[in-house]
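Visitor: Pulled the feature table from TrEMBL, pasting it below:
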ACT_SITE  GLU94  active site, proton donor
DISULFID  CYS50-CYS112  disulfide bond
DISULFID  CYS124-CYS132  disulfide bond
DISULFID  CYS231-CYS263  disulfide bond
DOMAIN    50-72  domain 'Glycoside hydrolase family 19 catalytic'
DOMAIN    176-186  domain 'Glycoside hydrolase family 19 catalytic'
SIGNAL    1-19  signal peptide
Amino acid sequence: MLKLCCLILLPLVSLSVSASRGRVQSEDISEIISRDLFNEMLKHRNDAACPAKGFYTYDAFIAATKSFCSFGTTGDIDTRKREIAAFLGQTSHETTGGRERARDGPYTWGYCFSQDKGHSKDYCVANQQWPCSPGKKYYGRGPIQITYNYNYGPAGRAIGYNLLQNPDAVATDPVISFKTALWFWMTPQSPKPSCHSVITEQWTPSNADSDAGRELGYGVITNIINGGIECGKPTPSQVQDRIGFYKRYCDLLQVEYGNGLDCSNQLPFA
């Protein structure tokens, strides 16, 4: 299970440099993504047409990232920028309110929803370790649209909040909401690597991964999130949407996209 960073007040932002690899690390991502840039990236999230208007704030995002110290702080500056672009790109797709002819284009409408639009199911399955609480539903909520009790349970344990008892917190508390998405992003779930390890190029594909076409790149992250539906086929609209958000955010962060953006030639993880 991913260990959360301890928050320690320091007079200066701590930096560490590895001379052998030229890797710079900082515990504060606000030097990369300012409030103004965040607002430009998620341009229409507070539009009147968005049900989550006013929910996803810059302050909540920054506060949540401080509990996951490696997010956006691993590697050189380009790697750090790509991770932020990739995280916001994938989660913008999950919460999009954009359409092809939307004002300012579809990739300005991320973070329009805080919960699944249709949630008649309870998404509860039998699980001794993460039992459902009576009357609670575990449908998609938050930036990554976390779903099912077996995800709410470990996410809650990681962030120190009982999400099995109160899953609604993911759609009512913006810091908790961002933390659940970051938990998913940072945590490997075998046989899947973490999204973080892929985008920072810390993941080494196994022989089985290589045989399945899974190599380093943004496309593997899509495979981790929804490969069973979206990968191993001609690029569907969902994947195109994920890539579109990612490219826009990379452009705003002034960083190259990297290789392997889609997953059309990848088999889904088992």
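Including glycine, each Cβ sits where the backbone N, Cα and C put it.
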Visitor: I'd like the per-state residue tally for the domain 'Glycoside hydrolase family 19 catalytic' (176-186) from DSSP, helix first, then strand, then coil.
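Guide: Reading the DSSP string over the domain 'Glycoside hydrolase family 19 catalytic' (176-186) gives 11 helix, 0 strand, 0 coil.
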Visitor: Whole-number Å only: compute the distance from the Cα of CYS132 (disulfide bond) to the Cα of CYS112 (disulfide bond).
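Guide: Per the Cα atoms, CYS132 (disulfide bond) and CYS112 (disulfide bond) stand 28 Å apart.
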Visitor: To the nearest Å, how far is the Cα of GLU94 (active site, proton donor) from the Cα of CYS112 (disulfide bond)?
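Guide: Pair distance, Cα basis, whole Å: 9 Å.
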Visitor: I'm trying to understand the geometry here, so how far is the Cα atom of CYS263 (disulfide bond) from the Cα atom of CYS124 (disulfide bond), in Å to the nearest whole number?
Guide: 29
Visitor: In whole Å, how far does the CA atom of CYS231 (disulfide bond) lie from that of CYS112 (disulfide bond)?
Guide: 25
Visitor: Restricting to the same chain and to sequence separations of six or more, state which residues have a Cβ under 8 Å from that of CYS124 (disulfide bond).
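Guide: Looking at Cβ-Cβ distances below 8 Å from CYS124 (disulfide bond), excluding near sequence neighbours, one finds CYS132, LYS136, LYS137, TYR138, TYR148, ASN149.
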Visitor: Give the number of CB atoms, excluding that of CYS50 (disulfide bond) itself, located within 10 Å of its CB.
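Guide: A count of 22.
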Visitor: Write out the long-range same-chain contacts of CYS112 (disulfide bond), meaning residues 6 or more apart in sequence whose Cβ is under 8 Å from its Cβ.
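Guide: CYS112 (disulfide bond) has long-range Cβ partners HIS44, ARG45, ASP47, ALA49, CYS50, PRO51, ALA52, THR95, THR96, GLY97, GLY98.
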Visitor: Counting other Cβ atoms within 10 Å of each Cβ, which of the disulfide-bonded residues CYS132, CYS263 scores lowest?
Guide: CYS132
